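**Q** Relevant sequence annotations retrieved from TrEMBL are reproduced here:
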type: TRANSMEM; residues: B:9-27; note: transmembrane segment
type: DOMAIN; residues: B:95-304; note: domain 'ABC transmembrane type-1'
type: TRANSMEM; residues: B:99-122; note: transmembrane segment
type: TRANSMEM; residues: B:134-157; note: transmembrane segment
type: TRANSMEM; residues: B:177-195; note: transmembrane segment
type: TRANSMEM; residues: B:235-261; note: transmembrane segment
type: TRANSMEM; residues: B:281-307; note: transmembrane segment
Amino acid sequence: MGIHFKPGLRVQRLFAGQSTMRLVAAGMMVLTAGVAHAQEKTVTAVMHSGLRMLDPIVSTAHITRDHGYMVYDTLVAFDGDGVVQPQMASWEKSEDNLTYTFKLRDGLLFHDGAKVTAADAVASLERWGARDGAAKFLMAATDSIKATDETTITWKLKEPFPLLLDVLAKQSSVPAFIMPARVAATPADTAITEYVGSGPFEMVESDFQPGVKIVYKRFEDYKPREEAASGMAGGKVVNVDRVEWVSMPDPQTAINAIMTGEIDLIENAQIDLLPVLEASPDVTVEIRDKLGYQGFARMNFKHPPFDNVEIRRAAMTALGQEQVMATMIGNPDYYWLCGAIFGCDTPLGDETGSETLQAGGDKAKAREMLEAAGYDNTPVVIMQPTDIGAMGTVPVVVASELRDAGFNVDLQPMDWQTLVSRRASMNKPSEGGWNIFTSFASGVEANTPLVHPILPSTGDTGWFGWANDPELEALRADYLKATTPEQQKEIAHKIQARVMDNVIFVPLGNYAFVQVRSNKLTDMLPTPVPVFWNIKLAD
Amino acid sequence: MLAYIIKRTLAVIPVMAIVALIVFLILRLTPGDPAAIIAGDSATPEQIASMREAMGLNEPIYLQFLHWIGQLLQGDLGTSLLSGTSVNALIASRIWPTLYIALLTIVMSVLIAVPLGTIAAWRHGRLSDHIVMIISVAGFSVPAFVVGYIFIKIFAADLRWLPVQGYKDPALGFGEFLRHAILPALTLTTAYVALTARMTRASLLNVLGEDYIRTAHAKGVSEPRVLLQHGLRNAAVPILTVVGTGFAMLLSGVVVVESVFNIPGIGRLTIDAVMARDYPVIQGMILLTSGIYVLVNLAIDLAYTLFDPRIRY
């Protein structure tokens, strides 16, 4: 029998090495640290994605943007009514509209204790301006941005830029976060490696596990503004000690965890699992971001058959939003039909040209249009991502609708990252290119011509699909110069009509992220970007 | 023995070199662009192109390979393209949950499976044998995520005895570690018990038919002694092989169980890296996995000598 003990001893020896040393040493630390953490209020949230990339200027990923709002602050911000308000700085504008003077408020500190200076802001704005699409318009109109004293930033323009404050306050993606000048000196296409901001939360670097967990603690020296929090503006008062974002790859696990009280928030719950939660008295199922997301189909303008606008129009006529949304989301409480490219119920919302989309499509008319356009049965390669849940169903519906209208469809399944890579290929569809892919844009980053990511239609330098539409570009340029909301609305209407007429993309309906919140967690602001100031956590 | 160990250890080098070359080339031939992933869905082609350039992804493949090999020779697996974290540090932080749960699983599996397999062999053809075999077939046939969900439903959601998910390092308290690790380990144990019990039964049945067992019985040696000392000891080599390779498989990461129970192990690290085309992490993980297999096999070979004195190296 003795022989059987030997493997056991080997196991003991294995434990007796590094593991036990770690165990004892860390145990001692935890015994003491545990006392300090005993009374801490920690919010544990499962966000829509794991956080891996920490530079909110380099990456347009929403989770990285959300991280940015925890750690960094912005000079100005939109309030809940969509009006730009002072945040880190107040401003004055010269009478000729060519000079903006920003004054940093008192008491602004970075997490390392250093004062936030105008030089930090200038360096951060320059890096952001070299990266962000909307900021590039602003920078093109800029003569100089200078720190004229320790707390004053003087922004001189070559020509009036009425939307300067809107661009500075934009929430997505990429916001104009302020970093220390030494960090902002990092080239705009290289990720930063130091994560010091002046926002209401500090990142606990030692607890960061990429894709798994990130921990923030309240920045004790943060001085909130005195106004009440509203939108992304106002006082960012932090009422909890720590916020932990954990990622859970299995949606069912997150549902179970919130039911048992292990977590406090699921930012984006899987809709088919919601009936279990809707019956629970301990949690609230809600739509926090009323703008939601818009699904869309994008055609490739470079290759047949969609280099022909008549065929693009035939394809759009074949599609119906209800079929797409019913398949993708299912529950009509969480989706709505909307033909407005800037979102419905928004200041620029306008549904011109979306009649057939909202009526479920018109296959017979689409067939006629296709025939009249001289479609020669060229195969239409549709890329279908199979690994991102419900989004993978959209291309299947699109393919079915197009087939019914007479298109020769080649639906090609692949993982999302392959799609992301392949959509950048300008090759022919038969040589690794593509004809259609579907994706979605968040309402907050697609609600004006300034920020909408898919609108740029400058051919090879535009967004994937490479639409070349000088008329649309001229309208976008006009929008930048519009000085009143009425003018903006009028131009947005023309852009809507142009996008639908030239089929720059096809809006496939809007849907919401459905948030599940423990009832212990209250006062969460109804912002498109999830924020953790203002919230309260009951014991 | 020492010469054998040195020879086997040195043999790892060409194996790992071939693995490194194949992995590097396969990854570069796979569609996907880490720069596009980092830049995000709203990024323009221009932004992605500048990221590719800054990340060195536009360099010729042979230069990228030489750069990586140069790092490897210094013990550096590179840096994650996504998080900027060193791959060594990523693996070091993610291997412990996998290792601890693998150990717990193997210990529980052996403690349950070897007695079960022994009883089945001892009671060959009788009711207890059939019951053990039915349990084994069931344990092996039901997918791990189903078993995991059933355990969560019973022990976490309904009874509230154990947490639904998560992992606690044993350094933060062994009790908390066990509370979090017991369900994933039990889930894995279900399959490994099935495998090990079947192997124990088959191997022991083979041995129990040998002449020396009959001789032992004839000499009046007690039944437990015949079974355990003469039988089980001689049946140990194949059992050890199954347990050892099972351990290597567990160490390579158990993606489904890590996902269901939200354990930050190396299985999830690998899958996340593959999905994000994080080349240095994928390369590091495949090298690590290959190394684990080679070393565990070496350890199994050496352990044979403990059970069978006829084996010499």
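Just so you know, the numbers here start at 1 and follow the chain as drawn.
Each Cβ is built from the backbone N, Cα and C atoms, and glycine gets one as well.
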**Q** Sequence gap of 6 or more, Cβ distance under 8 Å, 3 or more pairs: do the transmembrane segment (B:134-157) and the transmembrane segment (B:235-261) meet that?
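**A** Yes; at least 3 Cβ pairs under 8 Å.
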**Q** Select the range from B:9-27, B:177-195, B:235-261, B:281-307 that forms the most Cβ-Cβ pairs under 8 Å with the transmembrane segment (B:99-122).
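**A** Between the candidates B:9-27, B:177-195, B:235-261, B:281-307, the best contact partner of the transmembrane segment (B:99-122) is B:177-195.
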**Q** Below 8 angstroms Cβ to Cβ, which residues of this chain, lying six or more residues outside the transmembrane segment (B:281-307), approach it?
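**A** For the transmembrane segment (B:281-307), the list is 1, 5, 8-9, 11-12, 15-16, 19-20, 23-24, 27, 68, 72, 77-78, 80-81, 87-88, 90-91, 95, 233-234, 236-237, 240-241, 244-245, 247-248, 251-253, 266, 269-270, 273-274, 313.
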**Q** Do any residues, 6 or more residues outside the transmembrane segment (B:9-27), come within under 8 Å Cβ-to-Cβ of it, and if so which ones?
**A** 61, 64-65, 68-69, 72, 277, 279, 282-283, 286-287, 290-291, 294-295, 298
